[in-house]
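Colleague: Take a look at what TrEMBL says about it:
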COMPBIAS  B:56-66  compositional bias 'Basic and acidic residues'
REGION    B:51-75  region 'Disordered'
TRANSMEM  B:14-36  transmembrane segment
TRANSMEM  B:86-109  transmembrane segment
TRANSMEM  B:121-138  transmembrane segment
TRANSMEM  B:158-178  transmembrane segment
TRANSMEM  B:190-209  transmembrane segment
TRANSMEM  B:229-250  transmembrane segment
Amino acid sequence: MTHAVATPLPVRIPIREILPYAVFVGVLSLLVMYFVSTEQGAVALFDGTTVHELVHDARHLLGFPCH
Amino acid sequence: MPLTETPTLTVRSLLVWGLLAGLVGGLLAFGFASVFGEPAVERAIALEESAGGHSHGGDGHSHAEEPTEEPADEPVSRAFQATGGLGIGAVAYGLGLGGLFGIAFAFAYGRVGRLTPRATALALAGFGYVAVVLVPFLTYPANPPAVGQAGTIEERTALYFAMIAVSVVAAVLAGAATTRLTPRLGGWPAGVLAAVGYVVVVTAVAKLLPSYREVPDGFPGDLLWEFRIASLGTSAVLWAGIGVVFAVLLHRGTARR
């Protein structure tokens, strides 16, 4: 017999299982997104304008204040 | 109930699907931005340079906190900015967002409403777009090159991120309120009440925050419109791409035959 519905019941993933991933991915993702959205604009970790110039168009079109 | 192998949802697989969805979403957003966004960016840069503003790719920006910055050789050529640079930026941002999306799904699934996994993923993408992109955009719209004073970049950036934070926190609270009020009021009234609460909060905050009128005199209105619509569209493609690809991967991964 085949069954049409195989929708898994909403089973919560325990918070303690999510938390380490959440912290690690949160830090890494936000760092990457910071470099695309902000670095060498309002805030600069590195001197120069290379990062800003590289992601310039993406920063504008993703809606972030660029300059 | 038919006996099926209970599909176990692990955070690891959610993260993998989120990253893959982010990669695809970033590539799609790159494609959209190339076609619909770049013409507006090019026109704005041409206007900016003819108006004697800072040049792009040529000799670097004049930044408020880097007044001495004036490298002779261009760090990134304008041609690469519009192609490779845009692609790198869009895909890197997409990967970051996709990873966060996978984690957000892990928290949301089974905790907010009783939607199927795919519906939860699409709802998360839709509400995420509204909270992270649309509402902050309506408060502080995206600006093309040539629009925006260098002197206010720090305030504008801080306020833009503050608006994203307010909007996301208000949306999460609205979601929690819906879950909390549903047993008492029923799903619809609870949802509508929470949505109204969210809209009231973000509207009031947007009204209270300072606004900036920095579009130069004579800047073409149609160009501003074209750029801003392209900007909203780029983010819409990114979020929709992440939501749909994540939903597909999730479905394939959980509903094994």
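Glycine residues also receive a Cβ, built from the backbone N, Cα and C atoms like all the rest.
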Colleague: Which listed range (B:14-36, B:86-109, B:121-138, B:158-178, B:229-250) shows the maximal number of Cβ pairs under 8 Å with respect to the transmembrane segment (B:190-209)?
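Modeller: Answer, by Cβ pair count: B:158-178.
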Colleague: What same-chain residues lie close to the transmembrane segment (B:158-178): Cβ under 8 Å, and 6 or more beyond its ends?
Modeller: 108, 112-113, 127, 130-132, 135-136, 139-140, 187, 190-191, 193-195, 197-198, 201-202, 205-206, 209-210
